[in-house]
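**Student:** Structure below; questions to follow.
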Amino acid sequence: MKKLTVAILFGGCSSEYEVSLKSTSSVLESLCLEKYEVILLGITREGQWLRYTGNIESIRNDSWHQSEKCVPAFLSPCRQVRGIVTQENGAMTVTKVDVVFPILHGKNGEDGTVQGLLELAGIPFVGCHTLSSAICMDKDIAHTLAEGSGIKTPRSVAVYPNTDLATVQAATEPLGFPLYVKPAKAGSSIGITKAYSLSELFFGIENALQHDDKVVIEENITGFEVGCAVLGNREVIVGEVDEIELLQGFFDYTEKYSLETAHIHVPARIDEELAHKIKQTATHLYQVFGCRGFARVDMFVTPDGDIVFNEVNTIPGFTSKSRYPSMLRAAGISYKELLDTLIMLALEED
């Protein structure tokens, strides 16, 4: 049987560049090379696109872009090409691809930008399409849609670089402290602070504006955070619910990838009825946002058992030990099976 040519996009001009390298290394170690011809297309922090033919370890330690095995390349938007154009020794060559697997986290990769390019090119790709990727990336818009569909969300206020501090103070007063200050379009908890006073709130806004031009200020939700892995296009499979146990602070970037003072429980320490409600809510939101392929839906559970929407990650962390694969593994789907399924789902939508 002819191998499928799978192009993996990794790296990215994003603050989550390092997360992509970890996810990509794990995927490459587990993809079945008897089924797939793998092409690596890396994007440096500065936004340079390079075709890479070196080893996995150089991706893991971020020396890949210094390799002699890198040549300038790009995804052609032309539907007659449907592949990668490589520029080497003054000549351009085209490599046709069957499917693209974007392993890009955060801005310029998870937000609909790359997905738009792939849709223009007419190349099947793993994950959500342009619109759903963009919607899920913007916390303000995602919350508005979720609330409109009947799902509880934290009360919040959106502010911009030209919003004066008096307006911020008046708008956030009904929310009380503490408050979470978040860049509207960033992942991995990058740029998020927890404010206990006005001075901390104003500092948090300035900090968040370093990462985005829109900031979301949310009320604090008492309770604990849960996640739900959803897999599929029209018909979906839902993994076991997981639970984040925090010993201090909140689940920031450092905690997400070190777990020094946090623990992930899979399955979550909740009863079957609540787990069923969480899965139903995750499936509902997946459909409301128009997701396909895969996504992780994060929610809060209050002491009263209410489910409150937090966010959707359309390209969640993807090492073999990350939350998304772990939830599906608990439901009986191995990491290798998951990779095969994602590629088949991408082709199903072609």
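We number each residue from 1, going along the chain as drawn.
Yeah, the Cβs are placed from backbone N, Cα and C, and that goes for glycine too.
Not my notes, these are from TrEMBL:
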| type | residues | note |
| --- | --- | --- |
| ACT_SITE | Glu16 | active site |
| ACT_SITE | Ser188 | active site |
| ACT_SITE | Ser322 | active site |
| BINDING | Asp298, Glu311 | Mg(2+) 1 binding site |
| BINDING | Glu311, Asn313 | Mg(2+) 2 binding site |
| DOMAIN | 143-344 | domain 'ATP-grasp' |
**Student:** Looking at the recorded positions listed here (Glu16, Asn313, Ser322), whose Cα lies nearest to that of Asp298 (Mg(2+) 1 binding site)?
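**Tutor:** So, spelling it out, the nearest of the recorded positions is Asn313.
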**Student:** I need the most crowded of these recorded positions: Glu16, Asp298, Glu311. Count other C-beta atoms within 10 angstroms of each C-beta and give me the top one.
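**Tutor:** The residue with the densest Cβ neighbourhood is Glu16.
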**Student:** Test of understanding: give the count of other CB atoms lying within 10 angstroms of the CB of Ser322 (active site).
**Tutor:** 21
**Student:** For the domain 'ATP-grasp' (143-344), what is the mean per-residue pLDDT, to the nearest integer?
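**Tutor:** Residues in the domain 'ATP-grasp' (143-344) carry a mean pLDDT of 94 in this prediction.
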**Student:** C-alpha of Asn313 (Mg(2+) 2 binding site) to C-alpha of Ser322 (active site): distance in Å?
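**Tutor:** Rounded to the nearest whole number, the Cα-Cα distance is 13 Å.
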